[in-house]
Amino acid sequence: PLGSAVQFFEDPTGTATIDSVSSPAGAQAFRPAPAGTFNAGYSRSAFWLKVELSYRPADAGIHNDWLLELAYPPMDRIDFYAPDASGRPTLTWQTGDMLPFASRQFAQNNYLFQLDLPPGQTRTLYVRISSEGSVQAPLNLWSTHAYLEAQPTRIYVFGLIYGVLLGMLVYNLFIYLSVRDPDYLYYLLYVAAFGLYQMSINGVAIEYLWPDSPWWANASTPFLMALATLFACQFTRSFLGTARLGRWLDRSLLTLIGAAVLVMCIALFLSYGPALRAATQLVMAGALTIYLAGIVAVVKGERVGRYFVLAWSVFMIGGLVFGLML
């Protein structure tokens, strides 16, 4: 991770050019990024990131190939500038999830840019980023060899996550087809929506499911967040029997279901940014309300309440963490 080596400049109007930010006067406007990952949160500003890299191997004859990684798949627009033969920063690549997947230099879920770092020289790189969602830019520098070596671990982790979700989906589908209990139907629909959301946020969906639909790549994230919340609330109502536990609790869950439908409509027909903000609030409200329903079930002596609270605690923590990341 490049971390503290990154400098940034906020461009509220989005009108700054590479010539202006790379000029001596523009250089004064850059500030060191906070330690760790650059994270501006929700912002309509454009941000310019600057990194100065020097490659000084012990053996001057060694020349590695290098990759710059921006490890945040939901970023809308990314402009990458590298020095040309004369040393002038030049736009070398434009990508982001507002463009088709083919716009990426490498067919990966994260964004990769090839670098030329001659031994003993310093290169200044600029990256312009903007997004209707959260603006984050975890930048990593890899040698090509190190990146390829790290890929099996990444593939195994993704395979484990999606393999578990697929197993849960298939298992509950068979149970539902056997007993026709609606609890299993609501749960498997929740797992399906949650799994697709994970694929969307991790960049796997745009890579494999909808590579030529940038609009849906963006709209799908808040849509699937709301859809997962809808089925989670309905599963809770059915499994715990919240109509018996308390009318106020059942009505609260029904209100969240109605809010989820509204958020899905906003995602489909209005702007992606407001839909994502609304979906984030919905997920957090839904997770807390469902957890509360489990607590009420325990207090009222429902045997399934304890198991529900234990199982939902894990999903609630995960839902809150992912909601805060967006």
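Every residue gets a Cβ built from N, Cα and C, even glycine.
What TrEMBL annotates here:
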- 4-143: domain '7TM-DISM receptor extracellular' (DOMAIN)
- 156-324: domain '7TM-DISM receptor extracellular' (DOMAIN)
- 155-177: transmembrane segment (TRANSMEM)
- 184-210: transmembrane segment (TRANSMEM)
- 222-240: transmembrane segment (TRANSMEM)
- 252-272: transmembrane segment (TRANSMEM)
- 278-299: transmembrane segment (TRANSMEM)
- 306-325: transmembrane segment (TRANSMEM)
Could you give the residue numbers and ranges of same-chain residues that sit at least 6 residues beyond the transmembrane segment (222-240) on either side and whose C-beta is under 8 angstroms from one of its C-beta atoms? 182-183, 186-187, 189-190, 193-194, 196-197, 200, 250, 253-254, 256-257, 259-261, 263-264, 266-268, 272, 275-276, 278-280, 282-283, 286, 289-290, 293-294, 297, 302, 304-305, 308, 315, 323
Which sequence-distant residues neighbour the transmembrane segment (278-299)? Criterion: at least 6 residues beyond either end, Cβ under 8 Å. 221-223, 225-226, 228-229, 232-233, 236, 240, 242, 245-246, 249, 252-253, 256, 259-260, 262-263, 266-267, 305-306, 308-309, 312-313, 315-316, 319-320, 322-324, 326
Tertiary contacts of the transmembrane segment (252-272) (same chain, 6+ residues out, Cβ under 8 Å): 132-133, 218-223, 225-227, 229-230, 233-234, 236-237, 242, 278-279, 282, 285-286, 289-290, 293
Per-residue pLDDT averaged over the domain '7TM-DISM receptor extracellular' (4-143), given as an integer: 90
Residues in the domain '7TM-DISM receptor extracellular' (4-143) grouped by DSSP into helix, strand and remaining coil: 14 helix, 64 strand, 62 coil
